[in-house]
């Protein structure tokens, strides 16, 4: 098969845009249902010039990354502790598994009661959502490290720290990255829902405001921005993955 | 919480090795100076060794003396306890009763070559070899020693390759370099060539013999291949049912050629004992 260039992934979205614009121009898609791509671009320009867009994106980005950082690091630490220590696992895993089975978005009413609609509510929800994929995949990664390599490390005189640094952590890394990418997806999902329901800034808020005034172009623009941010986060994760997993044939020369 | 961290890993992978393989590593600088001289293998003395797993005896009272620098091959049917004996000697298992003296008393390092190469896939070949040096010396001196060990096993210039790109034979060579880089006094080999194809096997056997002659460590090779045992060892031990059933000196000049009458006669002796034939009966 012929190799596709790096931009090949964008052929399909571009084609969809062209067809969409065409259908809007001939009036097949009414303006108040779905605005034409050109109208969305115009809306983009408008909010960009007014500074509204930069303001909202930076607020959303800050919430997403802070929530991810908090939830992700707690999840990672619990994953490490429970992967390495039976004691810690016995103590906490049952609780964590019970909490995991509660859809974190179902907590929104409670979270609003606790935190109101300010920043901490969103951070809490994002952190909670991100926690579990990172926790579970870190734990799984550590548990599935090849015991033969651990035994090799021990016979070659590695102490616990060396063993962790040179054998266990690198062995768990592919699985941790799976958790990271799941976590990034959940991060955006949670933020969208939280911002749409209760917020006074951010992309979700911008979309809800626009809905009040029937500005479909801004609504569509918000959705597209979410998609692009999600894609960006995934690309960063991939880059990290390729850099740290260079040894793995599955990640080489792609 | 972290006080008991790693207990899971520890219990999951048997016991940590005996102190002698870990704590008593000679400083690297000393090793490089002393290393090239021959005859620093450690002598081994085993008395009344018993090992039971879940009430099931695997080693049933075994006495064995191995002089320093001897190449001993241990053969036997699968499940006869030969691998367990090796793990006991290396301190990967603790004896139920009896004693193993020598490896620790002389303060030498012992190294284990597994059936699989067991290389860290995320470390380069040179870094994998450097694992054998632990934390002794500086980074650069470890790398230098690793590259030297690699050239000794015929892997010049592959230091920066990932293990994933090597062939099975090359990986086992890297494992050999990793074991030899610290110049151990005892090298234990647990069917290290079992997974290799016939041609690679023969060249690897030559390599093992050569490094043993160069470095003069005591070697204990567990194998199921009788001709391999006779080709390499000074002495072949046949383990049957947890006891030594045959202790055979191999007095052939090296390098040994398979197919000579003396070679074949020894091979027959071992095989006959292995399958319980009496003197005169042939296969």
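The backbone N, Cα and C atoms fix where each Cβ goes, glycine too.
Automatic prediction, not curation, is the source of TrEMBL annotations.
These come from TrEMBL:
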type	residues	note
TRANSMEM	A:7-28	transmembrane segment
DOMAIN	A:53-237	domain 'ABC transmembrane type-1'
TRANSMEM	A:61-80	transmembrane segment
TRANSMEM	A:101-117	transmembrane segment
TRANSMEM	A:123-142	transmembrane segment
TRANSMEM	A:163-180	transmembrane segment
TRANSMEM	A:186-206	transmembrane segment
TRANSMEM	A:218-240	transmembrane segment
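Scored by C-beta pairs under 8 angstroms, the transmembrane segment (A:218-240) has its highest count with A:186-206, from the stretches A:7-28, A:101-117, A:123-142, A:186-206. Among A:7-28, A:61-80, A:101-117, A:163-180, A:186-206, A:61-80 has the largest number of CB pairs under 8 A with the transmembrane segment (A:123-142).
Beyond its flanks by at least six residues, the transmembrane segment (A:7-28) meets 34-39 of its own chain at Cβ-Cβ distances under 8 Å. Most Cβ pairs under 8 Å with the transmembrane segment (A:163-180) belong to A:61-80, among the candidate stretches A:61-80, A:101-117, A:186-206. Long-range contacts of the transmembrane segment (A:101-117) within its own chain (CB-CB distance under 8 A, at least 6 residues past either end) are made by residues 124-125, 128-129, 190, 193-194, 197-200.
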